[in-house]
Amino acid sequence: MLYREAGDFKTTYAADSQTFPIAFDRWRYWAVLAVAWLVIPFVIDDYWANAILVPFLIYSIAAIGLNILTGYCGQVSLGTGGFMAVGAYSVYKLMTAFPDVSMLIHVVLAGFITAAVGAAFGLPSLRIKGFYLAVATLAAQFFLVWLFNKVPWFYNYSASGQISAPERFVGGIAVTGAGTAPAAQYLICLFFVTLCALLARNLTRGSVGRKWMAIRDMDIAAEIIGVNPLTAKLSAFAVSSFFIGIAGALFFAVYLGAVEVGEAFGIQKSFLVLFMCIIGGLGSIFGSFAGAAFLVLLPVALKVLGVDLLGWPSSTVAHLQLVAVGALIMFFLIKEPHGLAQLWRIAKEKLRLWPFPY
Amino acid sequence: MKDTAAPYVTTDGRQIGDVLMDMRGITLRFGGVEAIKNISFDIREGEIRAIIGPNGAGKSSMLNVISGFYNPQEGEVWFRGEKRPAMKPFQVARLGIARTFQNIALFDGMSVLDNIMTGRLTHMKTGMLSQMIWKGRAEREEVENRAVVERIIDFLEIQAIRKTPVGRLPYGLKKRVELARALAAEPKLLLLDEPMAGMNVEEKEDMSRFILDVNDEFGTTIALIEHDMGVVMDLSDRVVVMDYGRKIGDGTPSEVRNNQEVIDAYLGVAHD
């Protein structure tokens with residue numbers, strides 16, 4: 001009943017092109033933001049932060065990043081894990097080189113470094129498309145992981161070859177290191193999620209986003225209306241890698257604390273983020289959140305159901321989880337290539353008319 | 001055969017101006033195949049110029065040369081009094097040349113409005129940083145360009161389908177949206193590759209009216225390829241006729257209609 005556009009007239013083009021044209025959606029958005037910022041930080045405990053909320057937020061940023069490249073610009077990438085590693089190692093080098101600078105600045109700088117690396121690895125996209133590009137980005141994935149393992153400078157010559165985050169602060173409150181409060185972990189991730197989602201949304205609704213989508217839908221026609229494929233593709237790679245770099249930096253510094261590159265940022269990570277985009281919905285910011293939430297919650301839900309309620313051995317449940325993810329990927333590719341976001345959109349279309357059929 | 005005409009006034013009183021585009025001795029080869037053989041013609045400001053010819057005559061290749069898809073091996077392309085160097089299609093677009101395609105080339109994943117807004121991309125200059133912030137410059141630019149696009153939407157009478165994804169539209173409307181996208185660029189020269197292909201009589205009449213209105217109201221110079229002779233003869237001010245990559249006729253519709261070589265090309269000649 002509340003979900004209506006009737007009576008909600010737009011009198012300017014600016015109002016017509018806003019993110020949530022329906023008033024109810026706008027209120028829901030502000031409500032979600034308010035709960036996320038004002039309620040959750042006070043009730044969050046260690047389990048919720050580390051098992052669910054922090055990974056969800058970080059993967060959301062990574063999924064937004066990959067969605068810009070793959071969902072909006074149509075360039076398939078399997079290098080996400082590698083680019084996350086670039087973000088992680090950049091932030092590690094920055095944290096150890098400049099201990100007094102705020103973490104917020106370090107994470108953003110790590111994003112910029114990753115953007116430069118991503119744009120460099122995006123160069124092959126000017127020549128090759130589709131599967132071949134996917135394989136080229138796969139090369140980036142393996143090369144970057146190899147590089148961070150091989151060159152001791154990146155891990156500050158530590159004996160184990162691992163990097164571990166020292167304690168660093170934002171305005172006097174520890175956000176990395178062993179003594180970090182769950183609320184602080186959560187809030188710094190939430191800050192970057194809010195920022196990234198806003199930036200991504202603004203980019204994709206304006207002329208830059210249209211350039212990307214034009215390249216995705218038909219690159220020849222895009223060129224004929226004046227889109228330079230070089231700048232369009234490279235900017236998509238750069239922006240996408242910027243977000244992925246931020247995600248990688250947070251994943252290492254805030255979430256894990258200590259990282260071995262092949263384990264944390266291997267090829268599985270690339271696939272995981274790609275699956276989030278596919279299940280959530282390619283070409284949708286909301287879909288990035290939905291996909292991240294889904295794939296973070298699925299193992300937790302299966303564990304609660306299988307191990308805690310039914311008493312199965314945890315190895316069985318772990319295998320079951322792989323089967324379930326595989327089956328879901330196939331289901332979505334066949335039945336709903338636009339993912340959860342499309343299901344959500346259809347539900348909303350239906351809701352607009354409900355309870356009437358027309 | 002008359003190759004060029006001086007500025008002239010058409011029968012319905014439109015002033016045709018100076019040479020806008022001048023093709024000089026264009027030759028285009030694909031390996032050993034000569035698709036276009038030493039063709040020269042010009043397009044004058046404000047006129048509707050048709051390129052006709054039997055299948056495989058090289059008409060679409062000619063349009064692709066104009067829009068920068070192919071760079072000819074020989075010959076020069078002059079646009080607005082300047083020799084145009086070899087260019088990529090997106091650079092040609094920025095000069096003010098827009099086109100539509102024979103088989104529709106719209107962006108299926110985007111709405112009609114977004115598709116037409118892509119036509120404004122050559123006019124939208126704000127950098128990525130202001131786009132990220134949105135409020136201020138980016139939003140202002142978006143609104144200004146939206147106003148231009150809305151005028152074109154009104155003009156082509158597609159208000160009702162503004163927010164519809166292009167993939168869901170029927171063929172005739174897709175053709176119209178593609179015209180709208182090309183018009184949104186406010187081109188100096190508009191190239192239409194078979195704008196009426198696959199349309200029924202009613203849709204052809206609509207499209208013809210839109211082409212004439214575009215030429216009349218916006219003063220846009222139009223070059224079009226079309227197979228329907230009735231349409232070509234009614235719409236165009238001057239016609240270039242091609243056959244096997246050569247130019248066999250050039251002039252007003254009535255001149256071309258009475259050209260023996262053109263008649264032979266279309267009807268065939270008896271070999272004895």
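Including glycine, each Cβ sits where the backbone N, Cα and C put it.
So that you can see what the record holds, here are the features copied from TrEMBL:
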TRANSMEM  A:27-44  transmembrane segment
TRANSMEM  A:50-69  transmembrane segment
TRANSMEM  A:76-95  transmembrane segment
TRANSMEM  A:101-123  transmembrane segment
TRANSMEM  A:130-148  transmembrane segment
TRANSMEM  A:183-200  transmembrane segment
TRANSMEM  A:236-259  transmembrane segment
TRANSMEM  A:271-297  transmembrane segment
TRANSMEM  A:317-334  transmembrane segment
Next on the checklist: Quick check: do the transmembrane segment (A:130-148) and the transmembrane segment (A:271-297) share at least 3 Cβ pairs under 8 Å, counting only pairs 6+ apart in sequence?
Outcome noted: no
Checklist entry - Counting only pairs 6 or more apart in sequence, are there at least 3 Cβ pairs under 8 Å between the transmembrane segment (A:50-69) and the transmembrane segment (A:317-334)? => result no
Item to check | Segment-segment contact (the transmembrane segment (A:236-259); the transmembrane segment (A:317-334)) at 3 or more Cβ pairs under 8 Å | outcome: no
Next on the checklist: Quick test of the contact rule: Cβ under 8 Å, at least six residues beyond the ends. What residues does that give for the transmembrane segment (A:101-123)?
Outcome noted: 75, 79, 83, 86-88, 90-91, 94-95, 136-137, 140, 144, 168-171, 175-176, 188, 191-192, 233-234, 236-246, 248-250, 253
Item to check | Positions on the same chain near the transmembrane segment (A:271-297), where near means CB under 8 A and six or more residues out | outcome: 52, 55-56, 59-60, 62-64, 66-67, 70-72, 77-78, 80-81, 197, 200-201, 204, 213, 216, 244, 325, 328-329, 332-333, 337-342, 344
